[in-house]
Amino acid sequence: MIFDLISLTVAVLWDVFLGEPSNAVHPVCWMGSFVDFLWRKRPGRCLFPYGCLIVLSGISLVMVVVSAVYSLPLVFSLPISVWFLKGTFSLSGLLEAGGSIDRALKSGDLSRGRRLLGYHLVSRETSKLSSSEVAGAAIESLAENFGDGLVAPLFFFALFGLPGALVYRFVNTCDSMLGYRGGDFESGGKFAARLDDLLNWIPARLASLLILAGAAIVGANWRGGAISALRDHGRTSSPNAGWPMAAMAGVISVVLDKRGVYRLNLSGRRPVSKDLREAMSILMVAQGLALASFFMWICVGAS
């Protein structure tokens, strides 16, 4: 447990002061390359069991790699563990992405805001979004990514150490690459999507609570966030993403509208760049609360 505490402390400091590793050495990029390689080799049929094989083979490989790392002398195992752990979560990168979009909107450069949104945060088409829709999509993505980009990996790290964080991140990567409807993805990505839903069930709800707590600390409308989360979380296709998104919509009193898909907190106003800044302020506090909670959890386990 002391090893885990040191690993988490150094990984957080790395995130704050150095940011993300380059793609060439980023563990998640390696995971993505592994998934892409196997998916390109997919057969013409039996795609569901093949999708299961991709996920399970990746999990097995993660366990083998972590076992090998733990068998090394401390002078090697600790820095390698820190590097792997840092790759599973993001603190500053998320806020930097939101900040770049906010600056573009504040300066009136909508086309740049759209490009940054599509590059950093969402996979949807952004070229025809209004300024309000760009701000809203950024708020949605920041809230959702707070759950699966920070709370979930650290939740599993606190429970199971580095193997837990890496296994979660691999499953989440599989879902982001394969978990789509239509074509070969319908069957081939189903196992990854369902397993990702299962793993995110607790972290997503915990993320919404942390957003509400962050809102209460900064004086935002946490009661409205609680009402919105309880009422609107089921409006999204994901059983989990709606929780932090609806909570954030409520605490900053905006409606989050993905055209033709869902609307969260219908009584809210249309979001503007000021609301994006408020969402980032709340997320900064929520991130601090999350880190403090997981540090305490690991400390209790070490005592």
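Here the Cβ of each residue, glycine as well, is placed from N, Cα and C on the backbone.
Some features that TrEMBL has for this protein:
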TRANSMEM  47-70  transmembrane segment
TRANSMEM  150-171  transmembrane segment
TRANSMEM  198-221  transmembrane segment
TRANSMEM  279-298  transmembrane segment
Counting Cβ pairs under 8 Å that sit 6 or more residues apart, are there three or more between the transmembrane segment (279-298) and the transmembrane segment (47-70)?
no
If we skip the immediate neighbours and take only residues 6+ beyond the ends of the transmembrane segment (198-221), which ones have a Cβ under 8 Å from one of its Cβ atoms?
143, 146-148, 151-152, 155-156, 168, 171-172, 229, 233, 239-241, 243-244, 246-248, 250-253, 278, 281-286, 289-290, 293
Near the transmembrane segment (47-70), which residues from the same chain, at least 6 beyond its ends, have a CB less than 8 A from one of its CBs?
31, 34-35, 38-39, 76-77, 80-81, 84, 162-163, 166-167, 170-171, 174, 178, 184, 187-192, 195
